[in-house]
Amino acid sequence: MATKDLSQYDIESVPSAENMRFGIVVAEWNFEITSALANGAVNTLKKHGATDENIRVKYVPGTFELPLGAQYFAEMENVDAIILLGCVIQGETRHFDYICDGVTQGTIDLNLKYNKPFIFGVLTTNDEQQAKDRAGGKHGNKGDEAAVTAIKMVHLKQNFSD
Ligand code: DLZ
């Protein structure tokens, strides 16, 4: 099966993000990758109308810390959605599994605890090349996908009763 291009989407299906506020938490591990994810997310939010003032970016040491960084956003900043960006690359030990399990469950818990969108923009790859391919490479940019998802989820919440 062909891998999806993470930057390909129906532009018409994305609502305006003009009045939406976003927090982005970026892991410093594998920073070449995660900074590319962050650039993709910021550019895509702006492409759909979000303003610089309404996009706040913070950094945490690693992907494992993303849920707590995201929780700080929920508690201390007035944001409509939080995007979590990280990259976990499989190594020789089981650390990969623990980090992936932790950030996945942590993100689910945040969504339900705060009743607002926390978007899972974490690459979990076998090697660095697979990550590069998904951070602005041949399979697009997971940051773009995360940004579009954030906009759509904020719109869904704001218009749920329509
Ligand atoms: C320790 C660790 C390892 C081995 N690998 C990664 C990784 O591939 N990607 C990532 O974002 N973080 C990694 N970390 C760091 C953990 O996420 C975390 O920062 C530390 O375990 C400290 O809690």
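Even glycines carry a Cβ here, placed using N, Cα and C.
What you are looking at is a predicted structure, and each value in this text was computed from that prediction instead of being measured.
According to TrEMBL, the protein has these features:
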- H95: active site, proton donor (ACT_SITE)
- W29, T63, F64, E65, C87, V88, I89, F120: 5-amino-6-(D-ribitylamino)uracil binding site (BINDING)
- E92, T93, R134: (2S)-2-hydroxy-3-oxobutyl phosphate binding site (BINDING)
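The closest partner of E65 (5-amino-6-(D-ribitylamino)uracil binding site) among the recorded positions, by CA position, is H95; the full candidate set was E92, T93, H95, R134. Among the recorded positions W29, T63, V88, T93, H95, F120, the ones whose Cβ sits under 6 Å from an atom of ligand 1 are, in sequence order, W29, T63, V88, H95. Neighbour count (other Cβ atoms within 10 Å of the Cβ, all protein chains): 12 for H95 (active site, proton donor). In sequence order, L6, L123, T125, G140, N141, K142 are the residues of the chain that are 6 or more apart from R134 ((2S)-2-hydroxy-3-oxobutyl phosphate binding site) and have a CB within less than 8 Å of its CB. When the recorded positions E92, T93, H95 are compared by Cα distance to W29 (5-amino-6-(D-ribitylamino)uracil binding site), the shortest distance belongs to H95. Less than 8 angstroms from the CB of F64 (5-amino-6-(D-ribitylamino)uracil binding site) sit Y98, I99, G102, V103, each of them six or more residues away in the same chain. Around T93 ((2S)-2-hydroxy-3-oxobutyl phosphate binding site), a 10 Å sphere centred on its CB holds 8 further CB atoms from the protein chains shown. Among the residues W29, T63, F64, E65, C87, V88, I89, F120 said to bind 5-amino-6-(D-ribitylamino)uracil, no two Cα atoms are farther apart than 16 Å. Cα-Cα distance from C87 (5-amino-6-(D-ribitylamino)uracil binding site) to T93 ((2S)-2-hydroxy-3-oxobutyl phosphate binding site): 16 Å (rounded to the nearest whole number). Counting other Cβ atoms within 10 Å of each Cβ, the lowest count among the binding-site residues V88, I89 belongs to I89. Across the fold, the C-alpha of T63 (5-amino-6-(D-ribitylamino)uracil binding site) and the C-alpha of E92 ((2S)-2-hydroxy-3-oxobutyl phosphate binding site) stand 18 Å from each other. Under DSSP, H95 (active site, proton donor) is assigned to a helix (H, G or I) in the three-state scheme.
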